[in-house]
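K.L.:
One structure is given below, represented as structure tokens, and several questions about it will come after.
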Amino acid sequence: MDKSELLALAHEYAKGQNDIYELLGIDTITAADPKQVQRAYRKQSIKYHPDKLGERFDPEKWQLLERVRDVLMDTAAKAAYDSARSAKLIQEEKKRSMTAKRQADIADLEARERGEDPKRMRTPQKEGLSQAEYQSMLQKGNRIMEERKRLMREAEERERLAQAQKQPPPPTAAAAAAAAATTTGTKVGSEAGTKADAGQIPPKSTADDDPEIAALERKLEELRQKKAAKKAQKAARKGGRTSPSHGPQSISNPSISGPQADDQKKVFSFAAPAPSATPTSNGAAPVPAGKTDWASTMARLRAAQVEKERRKAEEAAAGQ
């Protein structure tokens with residue numbers, strides 16, 4: 001049986017009164033698996049098999065089961081039947097929710113279309129019902145309502161599964177871990193770049209970088225080191241300590257020899273004075289305590305200059 005014939009059968013069965021799922025004894029969710037459909041068909045075919053029924057064998061019933069099986073095992077035919085069946089169930093539900101008068105009007109219209117007398121159809125029955133018959137009809141109506149609700153729920157579940165199959169599958173654990181690692185690496189790289197721009201982390205150059213960029217980076221690093229050294233010296237001066245860079249120095253001039261060279265060494269080679277005021281060797285005014293290192297350094301330079309001039313005067317007098 002080709003596809004077109006299966007589609008035609010699906011629409012025909014959807015318009016009929018019999019539910020093909022009930023014929024095979026299977027629900028709509030289980031019928032999504034062709035293996036389950038084949039299993040349900042085998043169970044039903046045993047009940048209506050000619051070897052079992054003998055003279056009571058119904059060939060039409062047997063053929064109907066085979067066609068129902070073929071429709072449910074074909075994807076396109078099954079989808080067409082489910083769609084038409086869902087539309088029919090929705091229409092019946094809307095019809096039941098109408099008022100009694102509107103239902104009576106629709107019943108009259110349907111009776112006229114069939115060529116029947118609407119008034120005769122609306123004539124109430126004179127015969128009363130016993131309590132048992134009433135309860136039986138009530139239970140039958142409840143069963144019909146429950147079955148219709150079940151079919152509606154199955155139709156909604158089937159549509160939900162169809163929508164879920166159309167959506168892309170969720171990412172696997174490996175893909176999620178890779179995405180998280182990429183996000184973390186991007187964040188770390190951004191933070192490192194921010195710190196490097198702020199001067200906290202010097203940018204590192206590799207062998208593949210541009211030589212001009214590497215030279216600029218080295219210059220920037222030297223400037224940062226000099227700035228840090230100046231800050232350290234300033235902090236040392238504020239704390240009352242002399243920075244190592246301001247320690248004793250000995251500057252010699254190769255063009256000066258003899259006593260003058262010794263005098264120059266003596267001028268630039270001196271130790272840091274104590275915080276208290278001490279007199280100088282030539283009787284100059286003592287350096288007052290509590291002054292800053294800069295003031296004490298200038299005072300020592302002046303004292304050394306005076307000492308140098310005095311020695312020059314003594315040498316000149318001795319030469320005469």
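Using the three backbone atoms N, Cα and C, a Cβ is placed for every residue, glycine included.
Predicted automatically and left uncurated, TrEMBL annotations should be read as such.
What you see is a predicted model, and the numbers here were worked out from it, not measured in a lab.
Sharing the features that TrEMBL gives for it:
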- 92-120: compositional bias 'Basic and acidic residues' (COMPBIAS)
- 143-161: compositional bias 'Basic and acidic residues' (COMPBIAS)
- 173-184: compositional bias 'Low complexity' (COMPBIAS)
- 215-225: compositional bias 'Basic and acidic residues' (COMPBIAS)
- 226-240: compositional bias 'Basic residues' (COMPBIAS)
- 242-258: compositional bias 'Polar residues' (COMPBIAS)
- 271-286: compositional bias 'Low complexity' (COMPBIAS)
- 305-320: compositional bias 'Basic and acidic residues' (COMPBIAS)
- 19-85: domain 'J' (DOMAIN)
- 92-320: region 'Disordered' (REGION)
K.L.:
Provide the three-state DSSP residue tally for the compositional bias 'Basic residues' (226-240): helix first, then strand, then coil.
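P.N.:
Split by secondary structure, the compositional bias 'Basic residues' (226-240) comes out as 13 helix, 0 strand, 2 coil.
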K.L.:
For a three-state summary based on DSSP, what are the helix, strand and coil counts in the compositional bias 'Basic and acidic residues' (305-320)?
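P.N.:
Its residues fall into 15 helix, 0 strand, 1 coil.
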K.L.:
Take every residue in the domain 'J' (19-85), average their pLDDT values, and give the whole-number result.
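P.N.:
Mean model confidence (pLDDT) across the domain 'J' (19-85) is 84.
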K.L.:
For the compositional bias 'Basic and acidic residues' (215-225), what are the DSSP-based totals of helix, strand and coil residues?
P.N.:
11 helix, 0 strand, 0 coil
K.L.:
Give me the DSSP three-state residue breakdown of the compositional bias 'Basic and acidic residues' (143-161), ordered helix, strand, coil.
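P.N.:
Helix, strand and coil residues of the compositional bias 'Basic and acidic residues' (143-161) number 19 helix, 0 strand, 0 coil.
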K.L.:
What counts of helix, strand and coil residues does DSSP assign across the domain 'J' (19-85)?
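P.N.:
DSSP composition of the domain 'J' (19-85): 55 helix, 0 strand, 12 coil.
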